[in-house]
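One structure is given below, encoded as structure tokens.
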Ligand SMILES: CC(=O)[C@@H](O)[C@H](O)COP(=O)(O)O
Ligand SMILES: NCC(=O)COP(=O)(O)O
């Protein structure tokens with residue numbers, strides 16, 4: 001059973017968090033991005049927040065000129081952010097919700113409630129050459145609206161899964177797996193992210209059909225102790241191992257069903 005190798009997008013926001021803590025030039029997120037690429041990152045994700053708490057416009061412009069892989073620019077659905085993306089033209093733009101008082105992204109984008117604005121943003125950003133993804137909760141209504149809005153990609157919010165444990169975590173995992181299956185049937189590319197770390201990532205990577213995982217906070221935290229390149233390489237090994245385990249499980253299930261006469265569509 002062959003599947004395209006799952007991709008790892010490394011989010012470098014929190015390198016910038018450390019820089020902004022003192023207003024110094026270091027650590028430079030651009031340097032971090034190039035090191036992450038050397039360690040195997042398939043892309044670099046950056047969230048330009050309206051309150052500029054970490055990533056700055058300067059970072060975005062320099063990354064656009066220096067990355068060897070591809071930039072995934074996360075941003076709110078605002079006129080200012082859309083105009084910046086139309087100017088910078090990143091390979092990918094991920095539309096995310098933003099509340100100034102939030103510690104981190106709390107929920108998925110409400111595509112259903114803000115359909116016209118999201119659809120218009122998808123059109124403008126696609127016209128500028130960016131591939132648009134919508135950061136949404138694993139909810140059927142939001143997935144259907146995302147497809148209708150014209151986004152070719154969704155990123156499933158894994159925050160609830162990451163915060164849960166025991167049966168609740170298993171339930172959230174099943175919710176993400178079902179959302180992935182529904183989205184694939186609608187022809188969407190499915191990414192996932194938020195709150196993933198070294199102990200919960202493999203189960204998400206094992207979900208069949210997931211194209212990319214975007215992971216940041218846990219990698220940057222690990223880098224404090226092992227260095228950024230090792231932290232990225234370790235996460236990439238886990239993500240690939242997770243996908244392989246998922247493929248093997250699917251193959252075992254196929255062989256079992258086949259041996260017992262179940263026909264597959
Ligand atoms: C959308 C998402 O889940 C993250 O990529 C986002 O960047 C979180 O915001 P902070 O990076 O500010 O925690
Ligand atoms: N979209 C998720 C992302 O880019 C990274 O989220 P996190 O790993 O920092 O929680």
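Using N, Cα and C of the backbone, Cβ positions are placed for all residues, glycine too.
As recorded in TrEMBL, the features of this protein are as follows:
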type: BINDING; residues: 11, 22, 195, 216, 217; note: 3-amino-2-oxopropyl phosphate binding site
type: BINDING; residues: 13, 14, 49, 54, 104; note: 1-deoxy-D-xylulose 5-phosphate binding site
type: ACT_SITE; residues: 47; note: active site, proton acceptor
type: ACT_SITE; residues: 74; note: active site, proton acceptor
type: SITE; residues: 155; note: site 'Transition state stabilizer'
type: ACT_SITE; residues: 194; note: active site, proton donor
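Feature map: annotations from TrEMBL on the structure.
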| residue | record | Cβ neighbours (10 Å) |
| --- | --- | --- |
| 13 | 1-deoxy-D-xylulose 5-phosphate binding site | 21 |
| 47 | active site, proton acceptor | 25 |
| 49 | 1-deoxy-D-xylulose 5-phosphate binding site | 20 |
| 54 | 1-deoxy-D-xylulose 5-phosphate binding site | 21 |
| 74 | active site, proton acceptor | 27 |
| 104 | 1-deoxy-D-xylulose 5-phosphate binding site | 12 |
| 155 | site 'Transition state stabilizer' | 31 |
| 194 | active site, proton donor | 26 |
| 195 | 3-amino-2-oxopropyl phosphate binding site | 20 |
| 216 | 3-amino-2-oxopropyl phosphate binding site | 25 |
Return only the integer: C-alpha distance in Å from residue 14 (1-deoxy-D-xylulose 5-phosphate binding site) to residue 74 (active site, proton acceptor). 14
Fewest Cβ neighbours within 10 Å, where candidates are the binding-site residues 11, 14, 217: 217
Determine, from DSSP, whether residue 217 (3-amino-2-oxopropyl phosphate binding site) sits in helix, strand or coil. helix
Other same-chain residues whose Cβ falls within 8 Å of the Cβ centroid of 13, 14, 49, 54, 104, the recorded 1-deoxy-D-xylulose 5-phosphate site, in sequence order: 11, 16, 17, 47, 53, 55, 216
Find the one among the recorded positions 13, 22, 47, 49, 195 whose C-alpha lies closest to that of residue 74 (active site, proton acceptor). 47
Inter-residue C-alpha distance, residue 13 (1-deoxy-D-xylulose 5-phosphate binding site) and residue 195 (3-amino-2-oxopropyl phosphate binding site) (nearest angstrom): 13
Which ones are near residue 217 (3-amino-2-oxopropyl phosphate binding site): of the recorded positions 47, 49, 54, 155, 194, which have a Cα within 10 Å? 194
